[in-house]
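Asker: One structure is given below, represented as structure tokens, and several questions about it will come after.
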Amino acid sequence: MAASASCISLVVLVALATVASAQLSPTFYDTSCPRALATIKSGVMAAVSSDPRMGASLLRLHFHDCFVQGCDASVLLSGMEQNAIPNNGSLRGFGVIDSIKTQIEAICAQTVSCADILTVAARDSVVALGGPSWTVPLGRRDSIDANEAAANSDLPGPTSSRSDLELAFSNKGLLTVDMVALSGAHTIGQAQCGTFKDRIYNETNIDTTFATSLRANCPRSNGDGSLANLDTTTANTFDNAYYTNLMSQKGLLHSDQVLFNNDTTDNTVRNFASNPAAFSSAFTTAMIKMGNIAPKTGTQGQIRLSCSRVNS
């Protein structure tokens, strides 16, 4: 009985998630806040123009939000998820989202959720750095809580194996091709030395010259906070060079190079490396799917007045 009951509850959960994502609509704010999307875009463009790395930071912030109890802006609440191991000391972009939220509150009070602002900001960040655009379904509401334990358990890390990655993404309803495409977000941004130190000193499936060049700013004994570009060729351009790098054994993180390591994802990497349009299509499809993970809609949650705290 217990097994069948759990199967039924899983079916109900999937059905509820499907209903929730169906309630999202690209035109959600057309009447209630027609300037919302333009306001978000201008805020993102200004932030990325002054600091190109911010585009990757906002994209990562959205990913780390959606993988923990859905795309509900729980990651923006002060403390809690922000203290989790994958987030502490590395998440950035909170100030950009807060600034955009302040601007939107001034024109449409308590109308546009922080979850939607972050989802749109992720898309606009990709566009700002030369990547593809896509239509973002809207209507998410903000959580009234966050889950540090889930952030520690559900977010894949820089030392993840291919099977670890597949399981983490599968648990969120995403396919292996979605995982490989979303990993391509590492065509922009930087990583801290502590996340790739073991790779550049101890792993063999890495280009020797590439490893040597990274050791100068990432010594064995310290320097864990030193930064290196995730894409060694076009660091601030959203393109498919990430996959070409993997084929040359120039993936910065262990979790990057496992995607091209005589394994089941090699052919997908080859396809994305040789076909920019295939990558763009797969990436945009996967971003929409990720943005639809367990959204709060209707009367669930709230529309926060400030993204860093629940309404009093």
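Backbone N, Cα and C atoms are what each Cβ position is placed from, and that goes for glycine too.
Note: TrEMBL annotation is automatic and uncurated.
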Asker: From the disulfide entries in TrEMBL, identify which of C71, C108, C114 pairs with C307.
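Answerer: Record-based pairing for C307: C114.
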Asker: Considering the candidates C7, C33, C193, which is the cysteine that TrEMBL reports in a disulfide bond with C108?
Answerer: C33
Asker: Using the alpha carbons only, what distance in Å do you get between R60 (site 'Transition state stabilizer') and G70 (Ca(2+) 1 binding site) once rounded?
Answerer: 14
Asker: Quick check: which same-chain residues outside D65, V68, G70, D72, S74, E81 lie with their CB within 8 A of the centre of the Ca(2+) 1 site CB atoms?
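Answerer: Neighbours found: H64, C66, F67, Q69, C71, A73, V75, S143, A146, N147, A151.
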Asker: Just to verify: the residue among R60, D65, D72, E81 with the fewest other Cβ atoms within 10 Å, which of the recorded positions is it?
Answerer: R60
Asker: Between V68, G70, S74, which of the binding-site residues has the fewest other CB atoms within 10 angstroms in the structure shown?
Answerer: G70
